[in-house]
Amino acid sequence: MLRLPSVSRALAGAAKGSLAPSNNVRTSARAASNMVEVFVDGKPVEVLPGTTVLQACEKMGVQIPRFCYHERLSVAGNCRMCLVEIEKAPKLAAACAMPVMKGWNILTNSEKTRKAREGVMEFLLANHPLDCPICDQGGECDLQDQSMQFGSDRSRFSEDKRAVEDKNIGPLIKTIMTRCIQCTRCIRFASEIAGVEDLGTTGRGNNMQVGTYVEKMFMSEMSGNVIDICPVGALTSKPYAFTSRPWETRKTESIDVLDAVGSNIIVSTRGGEVMRVLPRLNEDINEEWISDKTRFAYDGLKRQRLTQPMVKDASGQLVPTSWEDVLTRVAGALQGAQGSDVAAIAGGMVDAEALVSLKDLLNRLNSDNLCTEEVFPDAGAGSDLRSNYLLNSGISGIEEADLLLLIGTNPRYEAPLFNARVRKSWLHNELKVSVVGSSVDLSYTYDHLGESTQVLQDIANGTHPFCQVLAQAKQPVVVVGSASLQRDDGGAILSSVQTIAQNARASSGVEEGWKVLNVLHRVASQVAALDLGYKAGVESIRKAPPKVLFLLGADRECITRQDLPKDCMIIYQGHHGDVGATMADVILPGAAYTEKNGTYVNTEGRSQQTRVAVTAPGMAREDWKIIRAISEVHTHTHTHTHTHTHTHTHTHTHTHISYTFLEDAVCVGVCGCICNCGCICNCVGVCGCICNCVGGCICNCVGGCICNCVGGCICNCVGGCICNCVGGCICNCVGGCICGCGCVWVYM
């Protein structure tokens, strides 16, 4: 079985001219004095030494056709589609593999170049089947596009076409290998990015085939990316097969919330249904890759959903009801509850807006018993100091490290895109990796130091042999997995890790801005919850069981019915009926991440936003809107003065979350009101709101508030409400708080 020769780790940076070195700034400064001047179609351009002809042309804005070349993979140079003429050279050169030399004049549109491209395209199409009408790649196929632009308008080939057997490489990737043009992108991705040696070539010449040699699956947590990099329809998505065409779908830029990395994605929808999920370029987070979980988990968004409110009847069965009824029941349960009588647990996929709204609701009830499912110890400053629970070096920052110590984590499955960064640095930058914890199958070699906490204590005390390696590192990184902190001795583990990080900083003499201590979280909501003051873990609820427990997407069974009083009312809010829903007395259907605009803070502390791609099914609503509705209905039982006092007493500004991504809106209402909002302002009214204001209101909103204004009031509607404002009111909102401005709110 033939494989592409692997590039040695020491020479990887030089051999892969398309891959930028980690010390870009220093390299650019050093090379600025000896830039190479070349000419592209007679126009001068200065490039760094080692730049390929293709890269020089792209710098000039000249697009060179290619099939095998990919900027994140090694250079293969086997498709020959990128042939260009170099003045005075004896023959055409492959632009992707040829480094430029001073004074070269590169001709990208000469007669020789055009004829060569036409000839290469003719050979590629000689054995390519005429499957375009039934091929899932149709409409986004490189072969289609380039054959139209660079190929001939007719074929001279009249013999029988070659056909090969399709390979079964798993349940996610559909193979039609007769369409394969042997570009080897998939092989290089598997070997270099995914770190698995499952794909290769057999045979040679006309008999060459890409496959797994023996019948086995392509076993990688990132295998679906070969669908994106395949230039033809040889590798396509099995779940997406024959469902839609690219031009039929609407693309929505969003983020993934199935782990704490926050990969940037594009959600393709048609007719109110998610058809597929694709990666979106973000150099700081996921580059252009996503995990298989991110790519293929969307099918669960349309199955077993909670679509209508439900309450338990006299027989103990959950029965559907209306929003009016369920909101009244919940508000009634909260009516007599104060302080420790009320508690809430937030799950792993909750957006920051819902977290703020829930916090505000419980603060109004004089309760601060807000918890997360994930535990985080109170060692040192605990969660009071933000750097204690973040991936401080950043996901992309791992490429600058020279030593990585992983403690109690398996990043290959907990954070596949972070693991891909580690492999990239290991492959190209000589990163040394050591592991404390269970021996795991990572996509790179590492030194296993042991499994016990005694190893950590020895390293912290300076008695372990690894301390010498740590002292020699110039830019060490210590990463502890949040999974290891869930243990009973999680506090001791975190304390040891903090000591190791401090010792590494002191002994290795790292730069002032370099971050050594890092925490790798597993769930999307944990960082935002800690930012907002939520308690990590549910121990406080076990010690003081509440009368009303609010489960906001909490499904990990961190607390059971046996831990609570028999008369405790459990309110579950989420989009799937999981463990939390089975023990609930009231169910409130929420929206999934593809159905709402929500803020999420990833493991490195970066705030990003999901966007509405499809509408929520049935009677489901965005989480923060439901909580606001509960709060409003409950507020009606209090005097306005009492409500107003709570609004200003319990509303806090949380500076950890940056909302700079929100659109700045400055709108002037009908009555001369001015809204300076970091939120969404639909100033003609949405969902049947009519605002007749007297006097100008000033609304300074922070968070995910929706202002449907004709006047200067803030309307957060679940149904159609009528707001009759008298006089100018001032609303100082933080997230999903309630504005006690003398308005009358009538729900549904």
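Cβ coordinates come from backbone N, Cα and C, glycine included.
Positions annotated as domain '2Fe-2S ferredoxin-type' by TrEMBL: 34-112. The DSSP breakdown of the domain '2Fe-2S ferredoxin-type' (34-112) into helical (H, G, I), extended (E, B) and coil residues amounts to 10 helix, 21 strand, 48 coil.
Taken from TrEMBL, the feature domain '4Fe-4S His(Cys)3-ligated-type' covers 112-151.
Secondary structure of the domain '4Fe-4S Mo/W bis-MGD-type' (249-305), assigned with DSSP and counted as helix (H, G, I), strand (E, B) and coil, comes to 11 helix, 23 strand, 23 coil. Residues or ranges marked as domain '4Fe-4S Mo/W bis-MGD-type' in TrEMBL: 249-305.
Counting same-chain residues at least six beyond the ends of the domain '4Fe-4S His(Cys)3-ligated-type' (112-151), those with a Cβ under 8 angstroms from any Cβ of the stretch are 65, 67, 79-81, 83-85, 92, 157, 161-163, 174, 176, 178-179, 181, 206, 230-233, 236-237, 240-242, 245-247.
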